[in-house]
Amino acid sequence: MTGSFAHLTLAFGLLGNVVSFMVFLSPLPTFYKVYKKKSTEGFQSVPYIVGLFSAMLWIYYALLKTNAMLLITINSVGCFIQTFYICFFLFYAPKKARMESLKLLVLLIVIGFGLIVVLTQLLANGINRAAIVGWICLVFSLCVFVAPLGVLRQVIKTKSVEYMPILLSAALTLSAVMWFFYGLLLGDFNIAIPNVLGFTFGIIQMILYFVYKNKKPVIDEKISDFEEKISEMEEQKISNLKDQKMPDVEKLNALTCSAILPIVAKRKGKEHDDVHVVIESEVRPIVLNHNIKVIV
């Protein structure tokens, strides 16, 4: 391809390299957290193993082509970065997660990629080999681009974009645009077709982000409703307790007042008898029946 198209192909290829390099570096904050906490916690190694497999697959495809050097450059960098991420993960991962990661690494990289190389070298030749590997790359890339559908479903269900960073979504969308035009201008539809899907899902992700970024998550609404119901129940319970205590307090006051008993004292004078009634306060145990004590 000559003239302006060759320059455009080179330009889109270089831009694709730059944007893809930024995407490869995007997990660095995650691994910084792992380093600080000395634990992988809930993080998974699957994205990095899949990323390594994809980079190796595209390098193999580019080696079978004659004019795809820019694919080799960026995917070689990707292999190095993804290998670093995997080693870092294995170093800090607990035993169970480490064993699962090693099993997936052997299954996907050693067995999967090894079988692709061996079978295509033995059963195909020349142009057919490149076409077969190209179709494998296309199908695998489509599967990788379909994977974020789970994230989109979670965003719609929870109305929360917490686990869908807008910068990463924008970078992936931009990368898909660059590689689509690179593949289109290069005449390689194995590169162009998967990136159509990547661009579409990227646009959907950004639309969902701007739709739900200011909305209250469904989980938070449920928690708020639950807390309101609990507070209402507690207020009702306190009100009932107050209503029950008020009659008891009134009854206690009445009984206490009735416990001040009159004491009658009678004295005899020399010339005539005088009867004096003296009221004295005497607090006695509260009983239902009260007797008046008369002292003569």
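Backbone N, Cα and C define each Cβ position, glycine as well.
According to TrEMBL, the feature transmembrane segment maps to 6-25 (among others). Long-range neighbours of the transmembrane segment (6-25) within the same chain, counting only residues 6 or more positions beyond its ends whose Cβ lies under 8 Å from a Cβ of the stretch, are 51, 70, 73-74, 77-78, 81-82, 168, 171-172, 174-175, 178-179, 181-182, 185-186.
Residues or ranges marked as transmembrane segment in TrEMBL: 46-63 (among others).
According to TrEMBL, the feature transmembrane segment maps to 69-92 (among others).
Summarising the annotation, TrEMBL assigns transmembrane segment to 104-124 (among others). Within its own chain, the transmembrane segment (104-124) has Cβ neighbours under 8 Å at 45-46, 49-50, 52-53, 56-57, 60, 86, 132-133, 136, counting only residues six or more beyond its boundaries.
The annotation transmembrane segment is assigned in TrEMBL to 130-152 (among others).
Annotated transmembrane segment per TrEMBL: 164-185 (among others), in sequence order.
Sequence annotations record features per position, and here TrEMBL assigns transmembrane segment to 191-212 (among others). When Cβ-Cβ distances below 8 Å are used as the criterion, the transmembrane segment (191-212) is approached by residues 71, 137-138, 141-142, 144-146, 148-149, 151-152, 155-156, 159-161, 164, 166, 169-170, 172-177, 179-184 of the same chain, each at least six residues removed from its ends.
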